[in-house]
Amino acid sequence: MNTQILILAISAFLCVRADKICLGHHAVSNGTKVDTLTEKGIEVVNATETVEQKNIPKICSKGKQTIDLGQCGLLGTTIGPPQCDQFLEFSANLIIERREGDDICYPGKFDNEETLRQILRKSGGIKKENMGFTYTGVRTNGETSACRRSRSSFYAEMKWLLSNTDNGVFPQMTKSYKNTKKEPALIIWGIHHSGSTAEQTRLYGSGNKLITVWSSKYQQSFAPNPGPRPQMNGQSGRIDFYWLMLDPNDTVNFSFNGAFIAPDRASFLRGKSLGIQSDAQLDNNCEGECYHIGGTIISNLPFQNINSRAIGKCPRYVKQKSLMLATGMKNVPENSTHKQLTHHMRKKRGLFGAIAGFIENGWEGLIDGWYGYRHQNAQGEGTAADYKSTQSAVNQITGKLNRLIEKTNQQFELIDNEFNEIEKQIGNVINWTRDSIIEIWSYNAEFLVAVENQHTIDLTDSEMNKLYEKVRRQLRENAEEDGNGCFEIFHQCDNDCMASIRNNTYDHKKYRKEAIQNRIQIDAVKLSSGYKEIILWFSFGASCFLFLAIAMVLAFICIKNGNMRCTICI
């Protein structure tokens, strides 16, 4: 009897074997590992690098109005030492300073030098206007062998005012200049510190010297400090240069009685530019927007690990050499063990025994889309990509890199460490600030990429679930989920039927009657098969009970007829 039940169950199951459709996603044999907020080293199908490490060892100047200052220092363009004669006025949007460049000829320095350098780097070039100063009672042709052209000369944009005669009296003078332009004027003047008191008397006469400069926003007095200093360029004296930005319609006044280096022309800034200190060669055949001392960074990535002091439209500098941004779904490739198992199970169970747990295991053969279907029916087996869900995921992931760039993009300026003794403390603060910013942005970069990676993986999983739910809602009671991403269909589903499921045009009512009949038959088989062991044990128990009952009846009859005697001893 039990054997008959088992044979009937197997026969019924073979007769009603269901067609099947499964859902899966794309996988590759070798994915890329990324980090998320919750886990490090997650393997994804696609990822892109966000940290640029490739440097172009040239200054790419194509499309730029570039000026290469050569031996002229940028500050020198405002006062005019001989090496800067050709750059007294210029227009540029890319200014290149060289290591060999020098701002001065007569030894000295600029006050607040680095701030002025930053202003000029962004200036777009400079133009000049004569300030209209005239002098009587003094000489205006002071010159020095430190500033040689064909012979001794002086700064082209400055006047070295001297007494009419050696040791002669230098008169008290006042000069004024009003800025009538619509943009600020850069005004530069100098204070001459003679190599000795005797030299100062010879040049400007005896007595204390005082220079006072004032405008509506500025007032400062200067006294020269004569005395011996180490010789530079054959000179023991020094000239210190000072400057101010004079607003439109404002007036600057100079009151002096010697030791004054007077401005001859005011400088005006032309527009906007980038300035970079570099000895890299100019290349007019490549374009760039981000520069550093070693060349050009050409990149569309949000971060770079090349130089922390790059300027222009640059990726953010971070300490990490690599930060991978996920642009595809989580990847679990079919390894060799899995492929062997797949082959074995196909022989044993067909195509769909190989893709159990489809959400954890992708299909390496699904190359036309990120998501897709595999089916098995009387006509054979097939695989097809689902373009709608793929496109939905792609649309949301496309532009992730650009959005990351928007969050991090900024125009950078270069602040060098060329500070004088008074400014060294400021320089230390700037360096500390720069290091702190790098630390912050290195952390921010890692966090931003991890957030985006988390979102990408969650997004692609969500699209997979949406696709699965779409199929489940269509099939309804006409199919049963097997828990492995597949649906066993309780009716004959040919290729057109499978296509209607994929296209979301499946009509479950059309197949409902056939599906219900097959479901009842299959459920009955499953029920019989499921209770097989219970029936066997029940039959065994009933047989044992029947055997004991017969034995007891026979014993009773024998005792009654005297054929058997039972003696009980106490």
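Our numbering is plain: 1 for the first residue shown, then up by one each step along the chain.
Just so it is clear, glycine is given a Cβ too, placed from its N, Cα and C backbone atoms.
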**Request:** In Swiss-Prot, CYS72 sits in a disulfide bond; tell me which of CYS60, CYS84 is on the other end.
**Result:** CYS84
**Prompt:** CYS60 pairs with which of CYS147, CYS286, CYS290, CYS314 in a disulfide, per Swiss-Prot?
**Reply:** CYS286
**CYS105 - recorded disulfide partner, Swiss-Prot, among CYS22, CYS147** = CYS147
**Message:** From the disulfide entries in Swiss-Prot, identify which of CYS290, CYS486 pairs with CYS314.
**Reply:** CYS290
**Item:** For CYS84 (disulfide bond), the three-state class that DSSP assigns
**Value:** helix
**Asked** Within 10 Å of CYS290 (disulfide bond), Cα to Cα, which of the recorded positions ASN30, CYS60, CYS105, ASN249, ASN253, CYS493 are there?
**Response** CYS60
**Prompt:** If we check Cα distances from ASN249 (N-linked glycosylation site), which of the recorded positions ASN30, CYS84, CYS286, CYS314, CYS493 wins as closest?
**Reply:** CYS84
**Complete:** Across the topological domain 'Extracellular' (19-533), the model's average pLDDT, rounded to a whole number, is 84
**Item:** CYS497 (disulfide bond) and CYS84 (disulfide bond), Cα-Cα, nearest whole angstrom
**Value:** 83
**Complete:** Minimal Cβ count within 10 Å, across the disulfide-bonded residues CYS72, CYS84, CYS105, CYS286, CYS493, points to CYS286
**Prompt:** For the disulfide-bonded residues listed here (CYS60, CYS290, CYS497), which one has the lowest count of neighbouring CB atoms within 10 Å of its own CB?
**Reply:** CYS497
**Complete:** Comparing the Cα of CYS497 (disulfide bond) with the Cα atoms of the recorded positions ASN46, CYS60, CYS147, CYS314, the shortest distance belongs to ASN46
